[in-house]
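**Student:** Sending over a structure as structure tokens; questions will come in a sec.
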Amino acid sequence: AKMENHTRISEFILIGFKSHSESQLLLSVLFSTMYLVTVVGNICMILIIRMDSNLHTPMYFFLENLSTLDICYSSVITPRAALAFLLGRRSISYSGCASQMFFFSLFGTTEAFFLAMMAYDRFTAICNPLLYQVIMSRRLCVLMVMGSYLSGCINCTIQTGFTFSLSFCGHREINHFFCEVAAVIHASCSNTLVNELVMLAVCGSIIVGTALVVFISYGYIIITIIQMPSAESRHKAFSTCSSHMMTICLFFGTVFFMYGQPGAASSSNKSNTISVFYTVVIPMLNPFIYTLRNSEVKGSLKKQLKR
């Protein structure tokens with residue numbers, strides 16, 4: 001029983017962003033506001049797409065799913081963090097930590113696959129416009145979304161399973177504001193080499209795989225746009241992609257920085273700040289990026305408001 005007590009701990013303490021009490025209140029207000037904007041913005045996006053039959057196309061089907069995903073993704077982390085900053089209660093139960101990691105990995109991985117599919121959708125629309133309706137059938141779109149979630153499930157099961165098979169002999173502090181894989185691995189007293197290799201291999205292959213689909217798709221898109229005869233058609237083609245390009249640069253830029261390099265687990269303060277970007281800021285910005293950069297959504301929004 002003594003040994004059991006030594007390895008099983010009932011809770012962790014999240015010590016990310018632990019500083020003066022004034023800044024804790026500010027962080028709490030900031031996180032709460034960002035969460036509110038994320039939820040409202042993404043719900044509006046879903047409603048606009050649902051209510052306008054002109055937007056019932058593959059691109060908006062993916063966008064609607066991305067908005068739903070961003071709400072879930074943000075909900076796993078932001079409200080809890082905001083509450084912890086406000087109340088100063090930073091403990092999270094062992095099972096709570098495991099489930100937070102599970103859902104965060106699930107939604108994060110799925111988001112990477114979604115962005116890759118949306119790139120493929122734009123590639124088909126711009127490079128094969130005549131076959132677009134045939135290729136991007138409703139069935140394929142639904143299968144792509146289901147496949148993304150399935151990939152997310154596989155990854156989060158591997159990450160959470162491997163991480164929580166480690167021993168935490170009394171090390172309860174996690175230098176992060178949520179149960180992020182690398183930060184939890186770092187708190188373990190087991191030999192974590194295998195875990196770090198698994199994380200690098202699995203996360204690395206997902207990031208590289210999805211990023212390759214994105215870059216190759218956009219390579220072809222850019223070549224096709226450059227070759228278009230009129231400036232008007234070039235502008236129109238580019239405007240349907242520009243918002244997606246912004247999201248991709250933000251998401252993959254921060255994720256590469258976090259997981260795409262060996263020893264990603266080591267510099268924690270830097271990674272805390274970057275995590276805020278892809279867990280809180282990007283889900284909040286997505287609806288704005290897609291609304292403000294997109295004439296169809298703006299037109300639809302004006303129509304809905306006139307009603």
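Heads up, the Cβ atoms here are built off N, Cα and C, so glycines get one too.
So TrEMBL lists the following for this protein:
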type	residues	note
TRANSMEM	25-49	transmembrane segment
DOMAIN	41-290	domain 'G-protein coupled receptors family 1 profile'
TRANSMEM	101-120	transmembrane segment
TRANSMEM	140-162	transmembrane segment
TRANSMEM	197-225	transmembrane segment
TRANSMEM	237-260	transmembrane segment
TRANSMEM	272-292	transmembrane segment
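Each of the listed features needs to be described in terms of its position in the shown structure.
**Tutor:** Long-range contacts of the transmembrane segment (197-225) within the same chain: residues 109, 112-113, 115-116, 119-120, 122-123, 126-127, 151, 155, 158-159, 162, 181-182, 185, 234, 237-238, 241, 245, 248, 252, 255-256, 259-260, 262, 264, each at least 6 residues beyond the stretch ends and with a Cβ under 8 Å from a Cβ of the stretch.
Residues 59, 108, 111-112, 115, 118-119, 122, 125-126, 182, 199-200, 203-204, 207-208, 210-211, 214, 218, 221, 224-225, 228, 271, 274-275, 277-278, 282, 285-286, 289-290, 292-295 of the same chain lie 6+ residues outside the transmembrane segment (237-260) yet bring a C-beta within less than 8 angstroms of a C-beta in it.
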**Student:** Report, as numbers and ranges, which residues of the same chain sit near the transmembrane segment (25-49): CB under 8 Å and 6 or more residues beyond its ends.
**Tutor:** 17, 55-56, 60, 63-64, 67-68, 70-71, 74-75, 78-79, 81-83, 85-86, 280-281, 283-284, 286-288, 290-291, 297, 300-301, 304
